[in-house]
Amino acid sequence: MNRPAKLVITGAGHVGSYVLAEAVHSGLFADIVVIDSDPDIAYGEALDQHHLTGVPGSFVPRVRRGDYSECTDADVVISAAGPSMIVDPDNPDANPDRAALAPVNGDITRGIMREVCANVADKEVGPVLIFITNPADTIVWIAQNEFDYPEHKIFATGTMLDSSRLRRLVADDLGISPDSVDGYMMGEHGMAAFPVLSHLSVAGIPAARLGEYFPGAQLDSEDLAERVVEAAYQVFHSKGWTNAGVAASAMRLARAVLLDERAIFPVSTTLHGEYGYDGDVAVSLPCLIGRSGVLRRVPVDLDDWETKALEKSVAAVKRAIEDSAQNL
């Protein structure tokens, strides 16, 4: 008989607590452990969700506070530790750049990776690590390249959330369900994310031909890139953070891992030869996700505009990677 599935969540702030709620409601995990730098917060969030399981008809996982020793037999670890945005006190109305978090969240991630590596003896059968922490591409590069943990078992949500926003915007423009939109964002999870319109379609109709079926429809790469990026800041400036979309994205990826779905999603991982980059940067691209994490990267062809957009994304992530090392 297989062991019940176990999830460890690191970081119980706005994002981590939402991941916890999604995990409890998913019914995927029998055992859910919450870790936070403040043990009282971890305890409170776990206890709150534990009480929720008393509601008739609820899934009833075991939800509790724990420590990194719980990673030993976990199936998935989702890391949401660290601040998600830093507001410039001199310009509070400006859109904060996630890349500014590289030094502080880079250090937090290194601490988490040291704990995970110390507590997982056989890393080949250890948990898959899914990072939400910003800047996602820099964080996953640190985790994959600075530690002795199987690279394929580590990835970040990356542009999974940006892609959700893209599909929602296109669907709203056309007056259809986002389920009918097949498309994704690539590159940096941040200001340099870009849509891949050369591969976007609606019910099999290529983006370039949508005007034939939806009068007046005309998708523009620059416009969509700007609107998708701005969508995140609309939420941020309204409520102070974003958490719902990225928590749902993380749980969708956890499901793909746990059920060995072999589904393709845009997630962030280190490039190894794709698009001419080899080990020096991590960005989001379509990846095949299954029980052992990233089974393979799927480097789709890009048009000229998309290739230039990728170059901008790579440059932005490389700068953040350099910044993340300033405290070493």
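Cβ atoms are placed via backbone N, Cα and C, with glycine included.
Just so you know, TrEMBL annotations are computer predictions that nobody has curated.
Here TrEMBL has GLY11, ALA12, GLY13, HIS14, VAL15, GLY16, ASP36, ILE132, THR133, ASN134 binding NAD(+), and the candidate from ASN105, ASN119, ASN145 in that same listed site is ASN105. With respect to their backbone Cα atoms, GLY11 (NAD(+) binding site) and HIS189 (active site, proton acceptor) stand 20 Å from each other. When the alpha carbons of ILE132 (NAD(+) binding site) and HIS189 (active site, proton acceptor) are compared, the span between them is 10 angstrom. The distance from the Cα of VAL15 (NAD(+) binding site) to the Cα of HIS189 (active site, proton acceptor) comes to 16 Å. Looking at ASP36 (NAD(+) binding site) and HIS189 (active site, proton acceptor), their Cα atoms lie 24 Å from each other. The two recorded residues, GLY13 (NAD(+) binding site) and HIS189 (active site, proton acceptor), have Cα atoms 20 Å apart.
In sequence order, GLY82, PRO83, SER84, MET85, ARG98, LEU101, ASN105, HIS189, GLY190 are the residues of the chain that are 6 or more apart from ASN134 (NAD(+) binding site) and have a CB within less than 8 Å of its CB.
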